Amino acid sequence: MEESPIFSSKQGVTFLRTVFNGLNTLAGLGILSVPYALAVGGWLTLSLFILIAVICFYTGILLKRCMDSNSFIRTYPDIGELAFGLKGKILVATFMYLELYLVSIEFLVLEGDNLAKLFPFKSWNLFGLMKIGGKQGFVLIAAFIVLPTTWMRNMSVLAYVSFGGVLSSLILVVCIIWSGVDDGVGFNERGTLLDWNGIPTALSLFVFCYSGHAVFPTIYTSMRDKSQFSKMMVICFTLGTMCFSTVAITGYMMYGQNVNSQITLSLPTEKISSKIAIYTTIITPLTKYALLITPVANALEEMFGVSKNRTVSLLLRTLLVISTTIAALILPFFGYLSALTGSFLSTTASVLLPCICYLKISKDPKTKFGFEKFIIVVIIMFGVCVAIMGTYISGRQLITSL
C-alpha cells in the first residue's frame with residue numbers, strides 16, 4: 001500500500017506499468033495468511049473469498065467514479081472531503097494511516113517469526129544487560145535495518161525497489177507448490193468443509209488481502225490514459241485472486257488445520273524451496289517498511305508543523321519506528337493482527353467508506369432508489385457485519401494471547 005506509484009513520468013504512467021503498480025499494491029502480507037484463513041473457515045469459505053474480491057473490485061470502481069465527479073480530487077482523503085467536508089477528510093485519513101501503521105507492525109512481527117525459523121536462537125544477550133528471546137532479538141535487528149530508510153525524503157528509489165513485491169509473490173507461489181510436489185510434503189490433507197466459528201476471522205483475513213484502496217486514487221491520478229483504469233483493475237484483481245487462491249488451496253492441502261498463520265512458518269527449513277520462500281518473505285518487508293511508515297510520518301509532521309525542521313523530523317520518524325517495534329514485541333501474533341487490521345481498518349477503508357462516500361457524492365433527490373444503490377446498501381450491511389464480528393473476535397484473541 002505505497003503512497004506513490006512506481007514508474008511515474010511527466011506524461012503519466014503507461015497501462016502496463018499501471019498494472020504492475022496495481023499488482024504491487026495487492027502483493028502484500030495477505031498472501032501469507034490465506035491458507036490459515038481457509039483452515040479456520042473451511043473449504044466453502046473460498047466462495048466468500050471470491051465474493052470479497054468482487055466487492056473490493058467494485059468499491060475500487062466506486063472510488064474512480066468519485067474522482068471523476070471532481071477534477072481536483074487526487075487522494076483518498078480528498079474523496080472523504082468532497083463527500084463530508086473536513087470531518088470526512090480527517091476520518092478517511094485516520095483509517096488510512098492507522099492501517100499503514102498496523103501493517104508496519106506486522107512487517108516487524110513477520111521478520112521476527114521467519115528469521116527465528118531460519119536461525120532458531122533461544123535467546124540473545126543484549127549488551128550484557130539482559131536476555132531476550134530469539135524472536136524478539138530478530139525484531140530489534142529488523143527495526144535497526146529499516147530505521148535509516150525511514151529518514152529519506154525522496155522515496156523514489158524505494159518505490160522502484162518495491163517493484164520486487166510482484167516478483168516475490170510469484171516466487172512464493174512457485175516455492176510452495178515446489179515444496180508440496182518435490183520436497184515430500186504432499187497434498188494429503190483433506191481439511192474441513194465449513195467451520196462456522198472461523199468464518200468471521202476468515203472474512204477479515206480475506207478483506208486484508210484486498211486492502212489497496214488507499215493507493216488506488218493515486219494510481220488513477222498517475223495514469224496516462226485514465227479510461228483504462230477499470231481494465232487495469234480487472235487484470236490486477238483477477239491475477240491477484242489467482243495467486244491468493246493457489247497459495248490458499250495448496251497450503252491447506254499440504255498442512256490442513258495445522259497450517260501456521262504464515263505459510264512460510266510451516267515449510268520445512270531444510271529444503272531449498274522453503275529457504276527461497278522464507279528469504280524472499282524476509283527481504284520484501286525490509287524494502288517496503290519505509291513506504292508504509294513515511295506517509296504516516298509526513299501526516300504527523302504536517303499536523304505538528306515540523307515538516308521543514310530536519311532534526312525534529314528525524315526524531316519523529318525514529319520514534320515511529322520505536323513505537324512499531326515495541327508494539328511488535330508486545331503483540332507478536334501475526335494472524336490475529338492481520339485479522340484485526342482486516343476486520344476493523346481494511347473493511348472500513350476498502351468496503352464501507354467507498355460505498356458511503358459514493359452514495360453521498362452521487363446523491364440526487366430526483367434519482368430513484370435503483371438496483372445499484374440497493375446493492376451498495378447490501379454491501380454496506382455486509383461490511384458492517386464483518387467489521388463488528390471480526391473486530392470482536394480478533395480483538396478477543398489478541399487479548400487472551402497476551
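Cβ from N, Cα, C; glycine included.
According to TrEMBL, the domain 'Amino acid transporter transmembrane' annotation covers 13-393.
Per TrEMBL, transmembrane segment is recorded for 12-34 (among others).
The transmembrane segment feature in TrEMBL is assigned to 40-63 (among others).
The transmembrane segment annotation in TrEMBL covers 84-104 (among others). Taking Cβ pairs closer than 8 Å, the transmembrane segment (84-104) reaches residues 1, 28-29, 76-78, 211, 214, 289, 292-293, 295-296, 299, 324, 337, 340-341, 345-346, 348-349, 353, 357, 360 in its own chain, all 6 or more past its ends.
According to TrEMBL, the transmembrane segment annotation covers 124-145 (among others).
Residues or ranges marked as transmembrane segment by TrEMBL: 157-179 (among others).
Only residues 6 or more beyond the boundaries of the transmembrane segment (199-220), in the same chain, are considered here, and those with a CB under 8 A from a CB of the stretch are 1-5, 13, 18, 21-22, 25-26, 28-31, 33-34, 36-38, 40-41, 45, 48-49, 52-53, 56-57, 59-60, 63-64, 67, 73-76, 78-79, 96, 99-100, 226, 229, 232-233, 237, 240, 244, 335, 338-343, 345-347, 349-351, 353-354, 386, 389-394, 397. Residues annotated as transmembrane segment in TrEMBL: 199-220 (among others).
Taken from TrEMBL, the feature transmembrane segment covers 232-256 (among others).
Residues or ranges marked as transmembrane segment by TrEMBL: 276-300 (among others).
According to TrEMBL, the feature transmembrane segment maps to 312-334 (among others).
The transmembrane segment annotation in TrEMBL covers 340-361 (among others).
Packing against the transmembrane segment (373-393) from elsewhere in the chain are residues 55, 58-59, 62, 200-201, 203-204, 207, 339-340, 342-344, 347-348, 351-352, 355-356, 358-359: each is 6 or more residues past its ends and has a CB under 8 Å from a CB in it. Residues or ranges marked as transmembrane segment in TrEMBL: 373-393 (among others).
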Contact check, the transmembrane segment (232-256) vs the transmembrane segment (40-63), 3+ Cβ pairs under 8 Å, seq sep 6+: yes
Residue numbers, six or more beyond the limits of the transmembrane segment (312-334), whose CB comes under 8 Å of its CB atoms: 32-33, 101, 104-106, 108-110, 112-113, 135-136, 139-140, 143, 146-147, 150-151, 261-262, 293-294, 296-297, 300-301, 304, 306, 397-398, 401-402
Long-range environment of the transmembrane segment (276-300) - Cβ separation under 8 angstroms, sequence gap at least 6: 1-3, 29, 32, 93, 96-97, 100-101, 103-104, 107-108, 110-111, 114-115, 117-118, 142, 145-146, 149-150, 152, 155, 158-159, 161-162, 164-165, 168, 171-172, 175-176, 179, 262, 264, 267, 269, 307, 313, 316-317, 320-321, 324
